[in-house]
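See below for the structure under consideration.
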Amino acid sequence: MKMIEVLRNFAQESKWKWSNFLLEIKRLDRTQYIILFFLTIASIFMLLPIVYIFNHAFKPLHELFLFPPTFIVQDPTFQNFIELLTLTSNTFVPVSRFIFNSVIVTVLATIAMVVTSALCAYALSKHPFPGSKLVFSLIMISLLFVPQVLQIPRYVVVESLGIMNTYWGHVLPLIAMPVGVFLMKQFIDQVPNEVLEAAKIDGASEFGMFFRIVMPIVTPAIATIAIISFQSAWGNTETSQLFMQDESMKTLPYYMMSLTANLANSVARQGAAAAGALIMFLPQFIMFLFFQRKVIATMAHSGIK
Amino acid sequence: MARILLNNVTKRYGKFKELAVDNFNMDIKDQEFLVFLGPSGCGKSTTLRMVAGLEDISEGEIYIGDTLVNDYPPKDRDISMVFQNYALYPNLTVYENIAFGLRIRKMPKHEIEAAVKRAADVLEIGNFLNRKPRELSGGQRQRVALGRAIVRSPQAFLMDEPLSNLDAKLRVQMRAEIIRLHRTIGVTTIYVTHDQIEAMTMGDRIVVMNKGVIQQVDTPEQIYHKPQNLFVAKFIGNQPMNFFEGTIEEINGYLTFSTQTFSIRLTDKQTKMFNQLRGVSYNIIMGIRPEYMSFEKEMFDVYPNAVLKGVLQFNEFIGSDHYYHLDSQGRESFTVRAHPRFSYREGEEVRVAIDMEKVLFFDSKTEKLLTI
Ligand SMILES: Nc1ncnc2c1ncn2[C@@H]1O[C@H](COP(=O)(O)OP(=O)(O)OP(=O)(O)O)[C@@H](O)[C@H]1O
Ligand SMILES: [Mg+2]
């Protein structure tokens, strides 16, 4: 439990201070030192791919093919990025278009997913209606489906809505987010009913209560859901593959996929792929850094009361 | 400020239409401090929440002022409510908590500022207006909740066990503070509690409830000294009242109350009462509070025919008093409050005189107080 407390203290500290960190460390006992040791090793290990992605993207061609591969780039260059851009400048759709699509789709989808999850969870948690438990169970059960199972019905729906080759076709299929509803409901459940009743007596409308009281209280959950939905929207290739016949409506991850699809044994485009990987990775990384304190707060459950 | 009227108010919950509040009638006067008192689950909160508009009314009418408010949402009833768990908005500062209702009502900014400041002054919370609720102690939080309630100058305050999350000392202090607040602003208040000391010290009148039914509505003195039925008699009093089951009989020309182990002669007044009630040989439950049973010599002189014997079982010493728990022939047990100068040992047999003026008689069937 003390570990969680330490984590939480980190999460709540407005500024990271080494002196505080060392103080916290001193409070741990021996088993916790051992745990800390292994966690440190594990986290360094997990960090390696990230370091690798960053370095790889800046390696000149000859370094890319070194054997054994090197971790740290010796002779950094922007060559790969230039290759990525020029590679596509003379094709039908330039890579900038894919990036543009991705940004729009991801922003729209992330906002829509967070808002929808929150509204849905609020209704399920604070305005129970006959059958609301069943609805929640159904939402939970939908977690069990493998996405592939849903591809065909989804195609039929998107097709009949007439939103093929539009941004709607990218965004709408992503909006329903069972994990988000679940997470959000756990948090909203913890908001005491009396707080909402007090607001009601104070004269707040239903939307007033939702936006001015509930949402600010559950910001850790919002941050978490924002990260999850950002990741799923940013990395999503399915909608491009299924619903976008128009090349100019496809997104970056789809392009990356086709770029690397038959790359395994080839020499060409290795640099472009490495640069692309970094471009794919960077927004998620930034997003996570941005929200990570809140997310740790969610995990350590510093929560609400 | 207003009177509040409840006419035949009834609440049923759920599929099985269980009665939570049964035919509640009450006329709460303007500026009155009314306390709902009763055991857990007796419907105090439900009644209060119906007045607040947080709970639908199954049957009956509620008036606040002269307005029938049955179909009014809470915000239009011009009331404010204080909750047991404070229910402050955790994301807002103390200032914003208090100002919340005013902002929604679109009060001009400078007026809000003045109103919040006034409320903060009354409750002495001016020093932490910029803090968040989680940075306050329980007592401070409840003070903020009170501030949020008074700042809108509503027609009535509704308080649902506002002090029961506080420790004993703070509770006493806040009790005094709420009374002071009520004296200064004189707003009609309904106060729910299951703590009888709170009820006795704070209420102008107390409504004792049980299982959704009003048992008695009266001033604290009346509730204590003239409980209208056995439930109220048992429920009120820190040390429970003593009860003896027996009958009224005529012995040697006098009416007496007799149990299996003793007989005591009734006073003239009580004799008159039982004569008017047509009767001897009633099955009666006699109630007497521990403080009206005594080892004092004067008492034996005044009521020589109202004496019983008991064997001391154990003794509770609470500082100013002893509570002696006695047992009469192993059949009836009772408690006597005594000055600490009396000191008896366990197993000792002692004589106790009863203050007959303070004796209450209940019909054992209807459990009602017998009076004329
Ligand atoms: N939402 C509800 N649904 C069904 N029954 C309820 C509901 N709220 C209360 N009840 C029932 O109504 C009765 C009265 O409850 P209420 O909360 O008014 O009691 P109370 O006197 O306030 O008790 P306490 O002192 O424990 O707060 C109880 O039997 C309770 O089980
Ligand atoms: Mg209650």
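Every residue number used here counts from 1 along the chain in the order it is shown.
Every residue gets a Cβ built from N, Cα and C, even glycine.
Taken from TrEMBL, the feature domain 'ABC transmembrane type-1' applies to A:99-291.
What TrEMBL lists as transmembrane segment is A:33-54 (among others). Counting same-chain residues at least six beyond the ends of the transmembrane segment (A:33-54), those with a Cβ under 8 angstroms from any Cβ of the stretch are 3, 25, 71, 277-278, 281, 285.
Here the transmembrane segment (A:98-122) has long-range neighbours at 139, 167, 170-171, 174-177, 180-185, 187-188, 210, 214-215, 218, 222, 225-226, 229-230, 233-234, 236, 239, 248-255, 279, 283, meaning same-chain residues at least 6 beyond its ends whose C-beta is under 8 angstroms from one of its own. Annotation comment: TrEMBL describes A:98-122 (among others) as transmembrane segment.
Taking Cβ pairs closer than 8 Å, the transmembrane segment (A:134-155) reaches residues 120, 124, 173, 176, 178-179, 181-182, 185, 238, 242-243 in its own chain, all 6 or more past its ends. According to TrEMBL, the feature transmembrane segment maps to A:134-155 (among others).
Feature annotation from TrEMBL assigns transmembrane segment to A:167-188 (among others).
Look at TrEMBL and you will find A:209-234 (among others) tagged as transmembrane segment. Remote same-chain residues near the transmembrane segment (A:209-234) are listed as 102, 105-106, 109-110, 113-114, 117-119, 122, 126, 174, 177, 179-180, 183-184, 186-188, 191, 195-196, 199-200, 253, 280, 283-284, 287-288, 291, 294-295, 297-298, 302-304 (criterion: CB distance under 8 Å, separation of at least six residues from the stretch ends).
Packing against the transmembrane segment (A:272-291) from elsewhere in the chain are residues 50, 53-54, 56-57, 59, 64, 80-81, 83-84, 87, 99, 106, 223-224, 226-227, 230-231, 234-235, 252-253, 255-256, 259-260, 263: each is 6 or more residues past its ends and has a CB under 8 Å from a CB in it. The transmembrane segment annotation in TrEMBL covers A:272-291 (among others).
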